[in-house]
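Reading through the structure tokens given below for one structure.
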Amino acid sequence: MVDQQLQAKPEQWTDEQWQAIMQRGNNLLVAAAAGSGKTSVLVERIIRRIMDEKDPVGVDRLLVVTFTNAAAAEMRHRIGDALRKALKDDPHSSHLRRQLALLQRATITTLHSFCLGILRQYYYLIELDPDFRIADQMEGELLRQDVLEEQLESWYENDADFHALADVMLDGQDDHALTLLLLRLYEFSRSHPAPEQWLGEAAGMFAVHDKNGLDGLEWSRSVLRSVELALGGMTAKMRRAVLLAGSPEGPAGYLPLLEAEAAALHRAGAACRAGWEATVEAVRGVVFAKLPPVKGTDPLVKEQVQDLRNSVKKELAEQIEQYFSTPAEQYVADLQRIAPHMQTLARLVTAFSDAYQLEKRLRGLVDFGDLEHLALRVLTETNESGKTVPSSISTQLREQFAEVLVDEYQDINLVQETILQMVSRDGANGQPANRFMVGDVKQSIYRFRLAEPKLFLEKYVTYQKDGDADEACIGRRIDLAANFRSRREVVDAVNFLFRQIMSHGVGEIGYDPSAELINRASYPEAQPNRLQAEMHLIDRNTVIADEGQAVVAEATDEGEAGIPDGESAEEASVAQLEARLIASRIRRWMEPGEGEEPLLVFDKKAGGMRPLAYRDIVILLRATSGWGQTMQEELHAAGIPVYAEQTAGYFAATEVETMLSLLRVIDNPLQDIPLAAVLRSPIVGLREQQLAQIRIHYATGPFHQAVLQYAEERPPQESWEKRLRQFFGRLGLWRTEARRGALSELLTMLYRETGYLDYVAALENGQQRQANLRALYDRARQYEAGSYRGLFRFLRFVDRLQEAGNDMGEARTIGENEDVVRIMTIHKSKGLEFPVVFVAGMGKQFNTMDLKSQFLLHKDLGFGPMAVEPSMQLRYPSLAALGIRQKLRRDMLAEEMRVLYVALTRAREKLILVGSSKDLAKSVTDWGRQDDSERLSDEDLIQAKGYLDWVGRAMLRHPGAGLLRAYPEQQGSGDVVRVRSVPDDSVWSFHFYQADELRAQGESANHEASLWERMTRREAIAERPSDDILREIVEKRLGWQDPHPIAPRVAAKWSVSELKRHAKVSKGGQPLTLPSITEKPKFLSEQKSNRLTAAEKGTITHLVFQHLDLKRPLDEADIREQVTALAAHRFLTDEQVQAVDVPQIARFFADPLGQRMKSAAVVHRELPFTLVLPAYEVEAELGEESDEQVVVQGVIDCLLEEPDGSLVLIDFKTDWMAKEATAVAMEEMKRRYEGQIRLYVRAIKQIIKPKGNVSSYLYLLSGGFSLSFSDESMD
């Protein structure tokens, strides 16, 4: 390890951050908690590596991997800013100038982009088409479907094993379910570095010979682990019953029996680690005898003891029924019967994969998922023993990259980890390991993308914590726990909750002192009692029916309140109730009552406190589906500007459904339902009565036939009949256009001719509706960009998306800085922060749909099919399905715990938790039945059905939660909640609501409804302003003048050539008048012969100058040889070779200026630059008082660095000029290009900051001489 302790630590860094920045010589894992400044640390480490005085590393020798393009761009920008700042302090540093020049080419990228670069460079090693194209999602899905359909046809014809598999898997249904399974298995297998190997191993796991083999199966171990946890929870309950029975008021006569039962449960839990048969025996040995009669006890305590014991008896019976009612022999027989079908399934998926890869290869396509796997093929090879080892390319990259830095390492999957291993050094062969990984496993929330937090956890455990590390350790770990984001109120609240609920057993990582957040954020003093954390709970035990009486809500399968007769689902919606609560809270902050102050938050830019704005508030949901729209409507009704980005609902939008129906009719008019939808829509505008009239006249046959006959045979008399006939007339034209033209052009025609795009703009939420229709056009363009064409295929793709439930979110219509409350998913919020955060919907149950699948998948446990009894046509879970289901549930709980952590750590200044329960008193009582341990036990945590179960149990332990503990008793349930109180510094306030209160509150606050009622009664909806006020408003709006009226006409980005044509680059404030150059349109030039234009010849000449080897003689013979070599490498075509004027180029190198080029210390050719200029230098009319700026980009032909530090700029010109040109002609030539050369010199002086003078020359190739510019003319 390189000792970096010699450098003093700057004040802005903590000790741990400084160690993470300066540590060298080993793999380094930085466990960075939320808000700990990990990105700043990563950027600073990169800069320090680049600027290290003893061992500087070029930025092009660093591989920096991020997870999004935006993060990569941000990191590149921050590094560039730091380099420019350093260059200001040391303007003569050639190293810093070089690093800044190399930055745009540095490998700071996403892993997918890095893999794409590998494929572009080494395509020939894997026989990939060098012109391959990345297929977009739409094209890839269509191609997969087509290939699979062909495979299915072949298998149906020729594969008996496939028929046997289909008989077992389909259960008499069509093959749609099997198609989805094959595609799902294909995608899932691609998360493994060797997909075919994983499939084969997963199928091979079913080879079990007898019941003795069960103990060797991961499935049985998974089941036994769940049983062990369940028995641990039962044991804890029985011990609680023992404590109650032994209390002074308790039924002491129960004690001997209770203690014996608790001991038996404990033994059964311990037996789970001894194997299947031992567990079965121990579980069946737990017997509950009849309780003896007792007298003289507190009836309430006695009832509590009995309730605890009865719940344990019920739980144990459920465990026995679920796992141990089936004999071990039956489990084995099921696996043996399934085994050949799993082999077939693995073979079919592999065959499909091969066919799909072949089809993509034939089309020159690579899909997004291929990038990593194809890159792995380049980076790995198989040695003689069959082991995968690094390839020669991998070895080269290991040498190239001095360090590999990985951001968000907790979200890496196995394939990505393998790629990183191939390009980073592992410490072998005397070379130090060079991987730097930063992330937070507590924020690993992408299980659905098959991220593998286990990779982070393994290193977290095996790497030695810095300070304890020795030289021989395989890696070091540094914990960044200081939080620079949130106020102490938020940090304390988060720490309290996760000390209780995050554990190794359930969350896969413990929340020990090394994981806790340490408050380091600097904020001004807060308003008293305004920023403490809050918990708001809604009791849905009663709601008010229409008549006003109380109605007890029944539980449904989804865990929501039932809907009494006479009530709408919207009125009883839990999301609606929570939205009303949140709206009330926001309005109180934004519109404080008399004597109240608005809520103040800290403004970093202003450096002080300011009133809360709507954009400071976010409402986080686990999923926005259903909830997002309801909440948006409620907050909007309460007068609160709000935006909810939907992840679904696009295809259900009325305007999209209507346009898709029209497209379906155009594709095939013989479709009744789409046709009826179009006729009823504003496109035609028929009413139900008119559709009924058509059917009455033509009562037989399909409806579409009746409509067509009505339109063709009956002379139109009424306006609707005319519209109907006109529609069918246009329909024929549209169908012709669909066959001839592009789909996007058809949509443009439909929008224009129907006026539907303009129509929806006038409807409520018209901007969103128009955006949805434009998004449909964009998706059509995206579809056409691939290899598929035609309306039918596009509609088929849409149908498949809808069938698979893969809806799209509505088009985005809001900017980042608009002053609105945002509603978003917790996943969308990752990486963001907000002053005020509501975490809502905490009472929702976890989504367990994945656990209910008929075919489960797990990366370690393989396939989890149902067992089938053919003779009795029974389907039931196999041992594989049971084991995988329990493992998936534990994985899901760990993920949900991390998702909750992400949600709570988004808050900067105020955190509010919102949840509801269908019977809050009962829920609080249930939460109170917990172990008395220092933290919540794994057994308590694993029983949770939603976030509220975790948070509620933890909150009962808070010293300030007296109101929560007392809630059941206050509601008259008779239950007394007694739990262990845990001392803590966090401050919480608790608020309780009855559902009927919020519902009534919402009705009184529904401004939109009241406005509509007043409009229907034709009452004024607002007081009419006076004429003077109206006049002032109108005059102000109509009289507004743009303070910079010319600015919109000035482009924000220019090339040097455009500026030359614009003729506004001034000298001394005077614009230069340049001759205009009119370029012929392409269609005119194409009518000419194939001869090269003068501009094309100039481009060819510049290309030759760029690639000539300056160390060679550079006489005519040598230049011809080099030009021929350029053609051989396909830099030039044969025609272009003929256009190269070799004598002119040779004459230049014989010139003194050419000799200076050959002898220069450094030669830059075709050097690109970007320069920012005041806009008034481009458009003088703006005036010097304008603060507008423009970006100028250009390329310098040649820049020489001479030994004395001076620079020589050469611009080659192919303009014709005789060698004997007059002095007037030469001055005219210089005047023509003076503005261009001045810009080049200005760019050189601003960006490179040369030590010496800058000389500038035009070299006229046709004349064979140069023209120099004086230094004064360039200032």
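Going from the start of the chain as shown, residues are counted 1 onward.
In case you wondered, yes, glycine gets a Cβ from its N, Cα and C as well.
Database features, via TrEMBL:
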type    : residues                                               : note
DOMAIN  : 11-487                                                 : domain 'UvrD-like helicase ATP-binding'
BINDING : Ala32, Ala33, Ala34, Gly35, Ser36, Gly37, Lys38, Thr39 : ATP binding site
DOMAIN  : 528-831                                                : domain 'UvrD-like helicase C-terminal'
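Listed in sequence order, the residues Val41, Asp440, Leu480, Asn483, Phe484, Arg485 complete the 8 Å Cβ shell around the ATP site centroid, once Ala32, Ala33, Ala34, Gly35, Ser36, Gly37, Lys38, Thr39 themselves are left out. Neighbour density for Ser36 (ATP binding site): within 10 A of its CB lie 27 other CB atoms from the protein chains shown. The DSSP secondary structure for Ala32 (ATP binding site) is strand.
Taking all protein chains in view, 28 other C-beta atoms sit within 10 angstroms of the C-beta of Ala32 (ATP binding site). Along the domain 'UvrD-like helicase C-terminal' (528-831), the predicted structure has mean pLDDT 81. Long-range Cβ contacts of Thr39 (ATP binding site) within its own chain (separation 6+, distance under 8 Å): Glu74, Met75, Arg78, Asp407.
Other Cβ atoms within 10 Å of the Cβ of Gly37 (ATP binding site), summed over all protein chains shown, number 22. In sequence order, Asp440, Lys442, Asp479, Leu480, Ala481, Ala482, Asn483, Ala515, Leu517 are the residues near Ala33 (ATP binding site), counting only same-chain partners six or more apart with C-beta under 8 A. Thr39 (ATP binding site) falls within a helix when secondary structure is assigned with DSSP.
The Cβ of Ala34 (ATP binding site) has 22 other Cβ atoms within 10 Å, all protein chains considered.
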